[in-house]
Amino acid sequence: MFLCWCLSLVALIPLTTSTNPGVKVKLTAKGIEYGRQLAVASILQKLKTIKLDDMSGKVKVSPIGKVKYSLTNMKMVEVGLPTAALDMVPGTGVKLSIVNAYFRLEGNWRVKYLFVKDSGSFNLNANDISITTSLSIKSDQTGRPVVNCLDCGANVGKTSIHFKGGASWLYNLFSKYIDSAIRKAMQKQICPLVANAVSDLNNNLKTLNVLAKVDKFAEIEYSMVASPAVSKTSIDFGLKGEFYNIGKHQEPPFSPAVFSLPPQINNMLYIGISSFTIESAAFVYNTAGALSLYITDDMIPQGFPIRLNTRAFGVFIPQIAKRFPGLMMKLLVKTVKTPVITFQPNNTTVQSFSSVTAYAIQPNATLTPLFVLNLVSSVSARVFVSGTRLAGAVTLNKMDLTLGTSYVGDFQIGSLDSIFQMVLKMVVIPRMNAQLAKGYPLPTLGKMKLVNTQLLVLKDYVMIGTDVQFTS
């Protein structure tokens with residue numbers, strides 16, 4: 001399955017115009033080796049299903065004369081693929097070579113000569129088996145990858161058969177004729193079974209999250225934007241890595257910048273996620289109106305001395321208490337433009353630009369605007385991998401308040417700083433972190449598990465190094 005995951009990336013070359021990727025993936029030699037192991041295991045299971053049709057015929061054996069024989073119930077009892085190599089062919093694809101393979105079959109024999117009938121069992125050992133296959137990847141009409149065998153060659157080097165029971169000595173006299181027939185029959189079945197093993201992987205490829213839903217607002221696209229760079233030791237992929245509103249693929253007013261993954265070999269897989277990808281998420285959520293929050297008094301911690309009512313705010317802005325005595329208040333915090341995400345080595349910051357509108361809640365539940373503040377805030381972000389998702393958490397660095405509009409006359413806003421810092425720290429940020437902890441899906445296939453995962457924040461992108469496991 002891991003091999004399919006690798007190849008599925010190759011298959012997605014196509015369908016988008018050339019642009020810089022938002023996400024890059026590097027498959028290392030360690031990952032290629034894991035893919036080889038899984039591919040060989042899949043082919044091994046297929047070869048174990050080899051079944052030979054019953055054989056019968058006549059052979060002239062000196063000095064007895066003509067002997068009628070039949071071989072029945074032939075079945076595979078052991079298959080070994082001790083030596084297999086998966087090679088990346090630069091600019092071409094993948095080549096799988098298996099040598100020194102061996103089979104062991106069992107079956108029953110029956111013979112008739114003159115007036116004698118006899119029967120017994122036999123063992124057949126096939127050795128020096130070699131299998132070579134080249135794989136190609138294409139995309140179907142939905143943009144999903146499909147794996148096909150370009151070519152396949154198989155050769156059974158030698159066989160030896162041993163008959164047991166009854167007149168087995170007789171069979172042993174003409175076993176060389178039977179060896180040849182069985183060898184040809186086995187050899188004929190190998191490549192179709194290899195192709196069958198590859199074809200079975202297509203169902204798994206359909207699970208590749210080329211377009212992955214994040215939540216009710218957003219989805220992320222992982223189609224490829226350029227051909228992969230294939231070398232002898234690694235494959236580098238460029239994925240679009242862009243968030244969209246569900247059902248509406250609107251491009252943001254910015255583009256991904258060029259970035260490169262540094263040489264790495266310790267993990268199977270390296271995933272680079274650019275600041276463009278995260279900023280496209282911010283653009284999507286801002287466009288959807290999801291970056292807004294109404295704050296009411298019941299959301300303020302009980303122990304905090306300042307409540308959301310006109311009496312409390314009247315201490316700082318007296319005209320509020322005079323004009324709207326004894327009323328509860330509500331705040332609306334919403335972004336006014338897309339937040340800016342910055343990745344620097346070991347440091348992630350997000351700068352957001354918001355408005356804060358304060359309302360008095362009238363007895364009939366209508367809202368009367370009191371004032372609008374401009375809020376520019378900076379937060380530090382901790383980015384981490386949770387399962388197969390990229391998640392995060394933020395803490396407030398600083399904030400700056402300015403008066404946008406007042407409906408109650410002029411007032412000094414400096415005294416409100418501590419109140420709105422509390423609002424951010426105790427209400428807004430905890431709710432942001434609850435959403436960020438859910439994360440968004442990384443490019444994965446089927447029941448893929450990331451293990452030994454490490455994350456580094458570098459200039460303009462985050463790099464994830466990880467090994468991979470698949471569960472059945």
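Backbone N, Cα and C atoms are what each Cβ position is placed from, and that goes for glycine too.
Keep in mind it's a predicted model, so treat the numbers as computed, not measured.
Of the cysteines Cys149, Cys152, only one is given by TrEMBL as the disulfide partner of Cys191: Cys152. When pLDDT values are averaged over the domain 'Lipid-binding serum glycoprotein C-terminal' (263-466), the model yields 94. The C-beta environment of Cys191 (disulfide bond), restricted to residues of the same chain at least 6 apart in sequence and closer than 8 Å, consists of Ile131, Thr133, Cys149, Cys152, Gly153, Ala154. Using a 10 Å radius centred on the Cβ of Cys152 (disulfide bond) and all shown protein chains, the other Cβ atoms total 18.
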